[in-house]
Amino acid sequence: MTALLRVEGLTAGYGGVPVLHDVDLAVPEGTICAVLGANGAGKTTLLRTLSGMVRPDRGRILLDGSDLRGLPVEQLIRRGLAHVPEGRGVIDELTVEENLWLGGLFRADRRALRGPLREAYELFPALYARRRHAGHQLSGGERQMLALARALVAKPRLMLLDEPSLGLAPLVVAQIMALLRRLRDDGGLTVLLVEQNVRSALSVADSAVVMAQGRVVAADSAGALVGDDALRHAYLGF
Amino acid sequence: MDRFVFLTVYGLSRGAIYAAFALALVLIFRATRVVNFAQGVLAVVSAYLAYSVSGATGSYWLGFGAALVSGLVLGAVVERVVMRRVEHAPPLNAVIVALGLVLLTQGILGMIYGNQYRAFPAPFSTVAMTVHGVPLMTRYDLFVFGTVLVLMLALAVLFTRTATGLRMRAAAFAPQVSRLLGVNVGRMLTLGWALAALVGAVAGMLIIPTGLGLHPTAMDLVFVSSFTAAVVGGLDSPIGAVVGGLVVGLVLSYVGGYLNSASTPLAVLALLVVVLLARPGGLFSASTARRV
């Protein structure tokens, strides 16, 4: 299997202070790769670098073979890379429907987006009931659903998900993980999933990397990592 | 009572112009958190261009069209060439740059056109029409109401019904997220400034004939009144700007009509102080609803 996303020797940081050191990563098409690690390990910075919000100092970011480095942030979605940021990135002042529309506007006009929007509502019926509500009126779970739905309207090849379980009830987290599994199995979606919730993440992931202090300290299949007691104790705390 | 009715209509007519000008301030503030202090002088530049075009062609409406076009172009150029350089600096930098632009532009206008008031014709009669012997409103007031109404409806349609409007709102509310969704935030900013300057130019074209005439500083007092209107409305609420504009227009009309016209600048400042003391967020501030 070829890797849809390949990261080689990525070093990046803020204001000349590197946060990521020499990160290597490969995510095969149609798989979910979890990025695990403690607070401050560099997980969010990794995603921000992949989506162009942080400029890398060194290294390559290859999406299906072409280098993404140096592209403006707004171009990356056109290359098939959707980033759902931590805190979900729902635009509070816009309605649910406007948020969804915005998700697909870069590739189609409003009329052509009716179909994709209908699909999103079928996937998340709760959003349909709330479609005229403003973003700030939604519950935490609904916000996460909206962020996911909006990313799906973009029909991305690779989805970067930052802490989708943050602050959500276990039942909602389970629903979201089940949905990711379904999108991978039925739709061939590729996901890079940053999670603090290690158990949930490993329950859906095919592979995982463990980060500590800006470096990848372990990379393996999800099953192998669950079985590696020493690693779990050292970096994942369970 | 007759006088009250007349002053009310007069106040609403001026207020409609303040509302339009305040709306232009809100457009930029919402997107950049910067009050565009140069907006008055940009409108004056458009008015001078209109003056020149009208003078050369003999047609008021060609001049009016020139003002609209020049508003769009000026707004875009000022954003691209000047304001973009202070975009990521503290807001005070943008304010100082804008004030510098005001001084520079007023100086240049004075060099080109001279620092005297020039008569700026109104396209319609400014003599009040009487209804049952009571002076009510002028044809020019009707023109003002109609123009501002069309302008506001066009902006409402743009922002709520079109893809570009949706992108502009998204870029203003959440620039980072918008970029992730493929919105070219820089382009939206330029477009926002162009639109704001267009609206400002229309407001200038409407109000300059009602004052002393065309002068490099012709919009200074209008700016203060409209800024007050925008603050009354909360600075980031379009509806607030419209209501604020009408309120300021009415207050100034009553003060000018019942006290004397020399106290109107004081009245604006008094209103500004009262609003800032009582409701610093303005009457329609969205920021309280946003912080959930």
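In case you wondered, yes, glycine gets a Cβ from its N, Cα and C as well.
In TrEMBL, annotation is done automatically, which means it is predicted and not curated.
Note that the structure is a prediction, hence the values are computed from the model and not measured.
According to TrEMBL, the features are:
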| type | residues | note |
| --- | --- | --- |
| TRANSMEM | B:6-27 | transmembrane segment |
| TRANSMEM | B:34-54 | transmembrane segment |
| TRANSMEM | B:60-82 | transmembrane segment |
| TRANSMEM | B:94-114 | transmembrane segment |
| TRANSMEM | B:142-159 | transmembrane segment |
| TRANSMEM | B:188-208 | transmembrane segment |
| TRANSMEM | B:239-259 | transmembrane segment |
| TRANSMEM | B:265-286 | transmembrane segment |
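A contact links the transmembrane segment (B:188-208) to the transmembrane segment (B:34-54), because at least 3 Cβ pairs that are 6 or more residues apart lie under 8 A.
The transmembrane segment (B:142-159) and the transmembrane segment (B:60-82) are not in contact, since fewer than 3 Cβ pairs between them lie under 8 Å (pairs 6 or more apart in sequence).
In this chain, the transmembrane segment (B:94-114) lies in contact with the transmembrane segment (B:34-54); the count of Cβ pairs under 8 Å, excluding pairs fewer than 6 apart in sequence, is at least 3. Tertiary proximity for the transmembrane segment (B:94-114) is limited to same-chain residues at least six positions away from its ends with a CB under 8 Å from its CB atoms, namely 32, 34-38, 40-42, 44-45, 48, 51, 78, 82-83, 85-87, 214, 216-217. Residues 3, 7-8, 10-23, 25-26, 152, 225-226, 228-233, 267-268, 271, 282-285 of the same chain, all 6+ positions outside the transmembrane segment (B:239-259), place their C-beta atoms under 8 angstroms from a C-beta of that stretch.
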